[in-house]
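These notes concern the structure reproduced below.
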Amino acid sequence: MISSGVWIARGVAARHPTKQKLDEAEMERISALTGTELGEAERQLAQAQAEAGGDGWEDVDEDEEAMEEDDTDAHDLTRYRLDTYDEEPSQTMAIGALSGIRGAQFFRDDNDDPYMTLKDDPADEQEEREQLEILPTDNMILTAKTEDDVSMIEAYVYSSEDQNLYVHHDLLLPSFPLHLEWLDYAPAPFEGDTRGRVAGTMGNFVAVGTMDPEIEIWDMDTIEGIFPDAVLGRKDLTSQLDAPSGTGKKKRRVPKARVPNETHHVDAVLSLSWNRHARNLLASASADTTVKLWDLSRPMSGTSSSALRSFSAHTDKVQSVAWQVGAPGGSSGTENPAVLLSGSYDKTIRVFDARMAEQAVVARIGADVEAVRWDGWKEHSFLVALESGIVQGFDVRALTPSGTDAALYTLVAHDGACTSLDISPHIPGCLLTAGTDRQVKIWNVDSDGDKPRSISLVSARDLGIGKLFTTSFSPNDPLTIAAAGSGGKLHIWDTLTNPGVRRTFGDRLRQHHLSWDERADRPADIQVDDDAESDEDAA
C-alpha cells in the first residue's frame, strides 16, 4: 500500500544524483547514529539474561547436568564442540551493528585498492549516469510504500512531455511510514560530522513521519542511502517504550508509559508541515496528542534532537497539521507564516499563532479528522476532511476560543472516509478529494467573496488502485493529479482530458495565463507498467 505521496517541482532535483559512499566521514556519522541504538540493545539483552537467571536464553535442567558430569569420558571430544563449529553464533552473543566493517580501510580511488581486481568501466559509468539523469522538465513524486512488511520511499520520475512514469530509486525505512513532507532546507549535521555540510543549504529533502516517534530527514539527491541525514527526536529515550517483557521466567517488565513531554514525541508521527518562509521550521503532529516545532538549524547530538516548542492543547491523537500558505497565484495577504492549523481525534480544529499558542480559536466537528488544508486563495479560509466522508469549510474569523461548529459549508464528498483533499495551486475554486470508497473527485466551488454560492461535482472516477489514501495536484501542470492507496500503485490523471473539467475551468486557466496540452490523443492516465516493474526486479 501507499500511505502518503508528495510532488517535487521541476528543476528542484539534482540533474545527476550522487551515490552514497561509505568513506571514513560517512562511517563516523553512521557510527554516531547507531551507537545509541547498539548500546540500548546490549542493555536490554543483559537485563533479559539477568531476569532469566543465567547467562543465556537456554534452560538448563540441574538433574541432567549432574548426570552428564557422572558419565564424562576422558576421551570424549564433545566439550570442544567440533560438531557445531559451523553453526550460527547464539543469541547470547552481542554482535554490534556494522562491526564487520568498522575497521575496514577505504580508498578514495578504487585503483589504489589491491583487492579491487575488477575496475570500473568508464562506458558503464557513463551509461548509468545517463540512466539516472533527471531533466529540468521532469517532476519527481515521492511515495511512502509498504509491501510484504518492507517499508520504503519510492522516488518516481514523471515526464509530462513524454507521458512517462518510472521508479528512479528507493530508500528503505525502519518503520511503517505515515506521512511525507518535502523541504528544500538542509538540516544541521550532528555534532562532530566531518562532511562539511552547512545547515540551510538549498537541496532536495523529505521528512518522514512513521509509526516510530522519531522523524527522519532524507536527501533525495542521494541514491542508495543507508541512514537519514537527520533524526528529530530522542531515540535514546523512546527505544525503551516498547522494550521486550523478558522471558516469562520471572516478573514481566512493564514497558515505560508514553507520557507526552516538551522535548520529543513518544508515539507515531501522523503529520508534518514545513514552513516555506521560515525555512528552518518543521511542525509535526503525533498520536501522543502534541504538536511540536523543530528548528532544523540546530545541530544534532548523536541521535538526540529536541523540539523547539511543544503544544499540548489537544486531548487525543493529532491527525493533521498545516502552516498557513498562499497559492502561487494568490495575493500575498492570503498567508501568515506564523499561523498553524491542527486537527485532532478529539473532534476539534485549532488555529493559533505559534508565538502565542494560548490565544487559539477552535472549530468543533462531528467526526475524526483525516486532513486539514488552508485555502491558499482566501486569507481566512480552511477546509477539513472527516472520517465520515464529509468536507467542511471554515472562516477563522467566525471561530471562538471556546469553540464553534458554524461551518461556511458542509459537503458530503464520499461514502467512506475522506482521506485526502487538496486545493489547486493554479486556479481558485478547484477542490480535489479522495476516499476509501475508491473515488477521486474534482469539485467546483463557485464563491461570491468568502462564502461559496454553489459547490458542484465536475468529475468522479474509480482509478482502479484500491482505497485512496493520498492525492494532490501537480505543482507545474494545471489540473494534473497524483493518487495512490491500498493497491500500492501510483496513478497520474490528467483531468484536462475530461471535457467537463475543460468546460468548467478552461476560462479560469486562461484568465491566469495558464496553457495546457490540448492534443486530443494525449493519454488521460499513466501508471508504472507491471511488466516493466517485473523486468526491473528480475534484472
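Cβ coordinates come from backbone N, Cα and C, glycine included.
Automated prediction, rather than curation, is the source of TrEMBL annotations.
Computed from a predicted structure; not experimentally measured.
Taken from TrEMBL, the feature region 'Disordered' applies to 45-72, 238-258, 520-539. TrEMBL lists 56-72, 527-539 with the feature compositional bias 'Acidic residues'. What TrEMBL records for 262-297, 411-447 is repeat 'WD'.
Long-range Cβ contacts of the repeat 'WD' (262-297) within its own chain (Cβ-Cβ under 8 Å, at least 6 residues beyond either end) map to 178-185, 187-188, 199-200, 207, 209-215, 217, 230, 232-234, 237-238, 241, 305-312, 314-323, 325, 335, 337-338, 340, 342, 344, 354. Residue counts for the repeat 'WD' (411-447) under DSSP (helix as H, G, I; strand as E, B; rest coil) come to 0 helix, 23 strand, 14 coil. Here the repeat 'WD' (262-297) is broken down by DSSP into helix, strand and coil counts: 0 helix, 17 strand, 19 coil.
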